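Colleague: The annotation domain 'Type II secretion system protein GspG C-terminal' is assigned in TrEMBL to 30-134. TrEMBL lists 79-98, 117-145 with the feature region 'Disordered'. Marked as transmembrane segment by TrEMBL: 7-28.
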């Protein structure tokens, strides 16, 4: 008795690969778009939190941290002048968040867009490029949708 080989023909395998490719091209853009939207929402939430902490720092001390002091001034008292006069024991936030791309948020005082600018350098990890997202942009992303 001769046994018949069981298996798939080359044509059958090619059809399956083509179907998988078509499905991937339909699904992948939706998945990638959702990830970028989630990243934007995290950055926005972080920026709002940092703005609130900076507002409290300003109320207590009559000034914002300098660019040199940075956002670290929200976690522990700066050791660089000008010294805050009424720094809150325990700081203004427990720890500084990182953006979804692994970057530290940055502070610019005086800001280019506001009294102080807080921003993420974005996916390219380079400040001053088109993919930066800062507190001056909050609200604009909803207007463009």
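In case you wondered, yes, glycine gets a Cβ from its N, Cα and C as well.
Keep in mind it's a predicted model, so treat the numbers as computed, not measured.
Have a look at these and tell me how they're positioned relative to everything else.
Modeller: Under DSSP, the residues of the domain 'Type II secretion system protein GspG C-terminal' (30-134) split into helix, strand and coil as follows: 36 helix, 11 strand, 58 coil.
Panel annotation: around the region 'Disordered' (79-98), residues 46, 49-50, 53-54, 56-57, 60-63, 65-66, 68-69, 71-73, 104-105 of the same chain, lying at least six beyond its termini, place a Cβ under 8 Å from a Cβ of the stretch.
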